[in-house]
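Single-structure report; data block below.
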Amino acid sequence: MLYKGDTLYLDWLEDGIAELVFDAPGSVNKLDTATVASLGHALDVLEKQSDLKGLLLRSEKAAFIVGADITEFLSLFLVPEEQLSQWLHFANSVFNRLEDLPVPTISAVNGYALGGGCECVLATDYRLATPDLRIGLPETKLGIMPGFGGSVRLPRLLGADSALEIIAAGKDVGADQALKIGLVDGVVAAEKLRDGALAILRQAMNGDLDWKAKRQPKLEPLKLSKIEAAMSFTIAKGMVAQTAGKHYPAPITAVKTIEAAARLGREEALVLENKSFVPLAHTNEARALVGIFLNDQYVKAKAKKLTKDVETPKHAAVLGAGIMGGGIAYQSAWKGVPVVMKDISDKSLTLGMTEAAKLLNKQLERGKIDGLKLAGVISTIQPTLEYSGFDRVDVVVEAVVENPKVKKAVLAETESKVRPDTVLASNTSTIPISELASVLQRPENFCGMHFFNPVHRMPLVEVIRGEKTSDNTIAKVVAWASKMGKTPIVVNDCPGFFVNRVLFPYFAGFSQLLRDGADFRKVDKVMEKQFGWPMGPAYLLDVVGIDTAHHAQAVMAAGFPQRMQKDYRDAIDALFDANRFGQKNGLGFWRYKDDSKGKPKKEEDAAVDSLLADVSQPKRDFSDEEIIARMMIPMVNEVVRCLEEGIIASPAEADMALVYGLGFPPFHGGAFRWLDTIGSAKYLDMAQQYQHLGPLYEVPAGLRDKARHNEAYYPQVEPARPVGALKTA
């Protein structure tokens with residue numbers, strides 16, 4: 001043994017070949033600060049070996065290196081810029097030393113090599129991979145850019161276009177694509193990986209492969225003519241501006257950095273990467289996006305713990321076909337859980353099967369599946385007008401019309417047709433679960449399972465615990481949702497549960513703005529362009545359906561009369577009374593016409609202004625700041641109330657539900673992260689300016705208390721240790 005650290009070791013093989021093996025405690029390898037330091041110590045040893053002829057890098061884990069240790073990021077990002085820059089310089093000196101070894105080097109890459117893992121293997125001369133490879137640089141999704149030389153080596157290895165596509169989008173690619181673009185040099189079966197890598201290494205050692213020529217382009221300026229460079233970087237900047245926009249500075253910073261470094265050698269280019277990385281790491285956007293990553297890990301770990309003692313449902317059923325039922329059936333079947341889809345109407349069953357077939361055909365068109373797979377999946381969806389097959393299902397989700405009487409009747413009837421241990425769930429969006437459970441003989445086997453539309457795209461499933469719901473029922477439904485590829489978040493019962501309960505105060509803020517003379521177009525523009533929502537409130541209402549919102553608003557008002565009962569006729573009422581239901585009938589705040597792809601495209605409709613004039617004060621202008629405050633305060637206050645009342649268990653789960661269920665702008669990190677970024681005291685000052693608007697603007701007592709003590713909702717992270725200490729960790 002030449003060297004042994006906590007996360008890697010170095011040993012001799014034969015013929016002067018050394019083997020550096022990543023083998024951290026736990027299930028995965030991460031390129032954390034300690035591992036970077038340990039890699040440096042291993043290189044200290046290697047550089048002294050006069051008989052070294054070649055170096056193999058490999059992993060003892062199922063994945064090579066899954067990336068940096070994201071849990072370290074928040075503390076690293078709090079250190080002063082100069083200190084962070086010094087540590088990056090140290091880390092890059094380690095990878096440069098690996099790249100500059102006077103012998104050929106190869107990485108045997110299995111499974112994941114992401115972020116720092118990818119940057120590590122880029123420093124070796126050759127890369128041999130297994131078919132399960134996922135390799136790439138996802139840093140821009142975390143609000144930063146590659147910091148261990150990825151923005152320097154990848155363009156010089158692949159060419160500007162392929163590298164820009166991976167780095168700017170934060171992409172990873174599979175084995176076939178990596179081989180095609182030159183990111184790896186070969187793909188072999190897992191059992192042949194080590195021997196295959198050693199064979200390539202010996203070819204390089206024997207002179208059959210020119211490893212020095214392979215290494216040289218990574219040390220030199222990017223080989224691009226002025227015209228090629230202008231085209232590549234202009235196109236990349238245009239694409240980034242279109243997709244990322246101003247709220248996500250990392251992708252455009254990465255592109256500009258690669259462009260500026262294109263005519264520089266490795267050392268000078270790394271200096272530019274360092275200078276670009278450090279300011280990004282100190283942005284609110286980076287903290288928010290890293291926070292989302294950590295919250296996502298927390299939510300998934302919680303679901304895994306919750307389901308460890310239950311068996312994932314093997315057969316499921318959906319009550320109610322149509323678009324929603326068909327979407328749920330597709331998602332279950334697509335992920336390997338056969339499903340019975342029942343309705344009382346042939347027409348609805350046809351609609352549900354058509355929806356499932358349409359989604360599968362899209363997968364076929366994209367090359368994700370072949371015709372055989374399509375036929376196999378669709379055959380696991382059994383449409384029926386009867387209860388045939390219900391005796392073998394483990395879980396049933398009801399997705400019929402949002403009417404408590406209808407839902408109760410359907411659920412009670414279904415309960416009599418299934419096994420005593422079968423779990424029933426309702427896809428209701430607002431009706432309290434305990435109310436629906438009142439007609440059931442086994443309420444402990446019943447819970448809410450709120451999917452979001454479109455089911456195949458929206459990651460969130462709210463799992464709602466009623467008064468009598470058992471832990472086993474919750475665990476089974478969470479297991480099914482996880483199997484379907486969704487992110488389940490468990491919430492307690494109340495009207496609207498969590499997501500809709502906090503959405504309708506936001507809509508109420510919008511209605512009050514329109515009542516006071518705001519133009520809905522301006523409000524939408526501000527909330528989209530300035531705050532960052534994917535849709536403004538008017539557009540969102542049109543997509544949800546004005547009739548759906550009108551009904552849900554009444555349910556929420558009955559549930560929370562003190563805050564959500566309004567004493568005036570609003571824009572939603574006016575449009576509803578005029579039969580303008582949004583996209584579903586082509587008329588809402590906008591008029592809709594299908595484009596060439598069959599997607600509804602919004603157009604101005606002057607008739608709306610005269611309709612809204614009856615429920616509004618004369619038009620007046622509002623500042624962007626006032627629009628954002630009046631829209632967001634009601635939502636944030638309600639989010640805080642949900643935490644205080646135990647409807648949602650933690651700030652992390654609340655923020656993930658908002659991001660995954662409503663499209664809350666990820667660069668804000670969710671309501672609690674946004675609150676912490678603003679500061680509770682500053683938020684209280686802002687909210688108090690609008691408390692005259694009514695109870696929705698009254699800040700909850702717990703938040704007032706936080707403001708008094710200047711406390712945050714997330715645990716406060718301490719800055720990382722000084723860079724000198726990090727070096728020798």
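Using N, Cα and C of the backbone, Cβ positions are placed for all residues, glycine too.
NAD(+) is bound by ASP343, VAL400, VAL401, GLU402, LYS407, SER429, ASN453 in Swiss-Prot, and the record lists one more residue there from MET324, MET353, which is MET324. Binding of substrate is attributed by Swiss-Prot to ASN500, TYR660, and the same site annotation extends, among ASP296, ASP309, ASP346, ASP370, to ASP296. Residue pair ASN453 (NAD(+) binding site) / ASP296 (substrate binding site) shows a Cα separation of 20 Å. A count of other CB atoms within 10 A of each Cβ picks out GLU119 as the most crowded of the recorded positions GLU119, ASP296. Maximum C-alpha to C-alpha distance over the listed substrate-binding residues ASP296, ASN500, TYR660 is 21 Å. Per-residue pLDDT, averaged along the region '3-hydroxyacyl-CoA dehydrogenase' (311-729), amounts to 95 for this model. Binding residues for NAD(+) (MET324, ASP343, VAL400, VAL401, GLU402, LYS407, SER429, ASN453) extend across at most 20 Å, taking the greatest CA-CA distance. Of all the recorded positions listed here (GLU139, ASP343, GLU402), the one with the fewest other CB atoms within 10 A of its own CB is GLU402. Other Cβ atoms within 10 Å of the Cβ of ASN500 (substrate binding site), summed over all protein chains shown, number 22.
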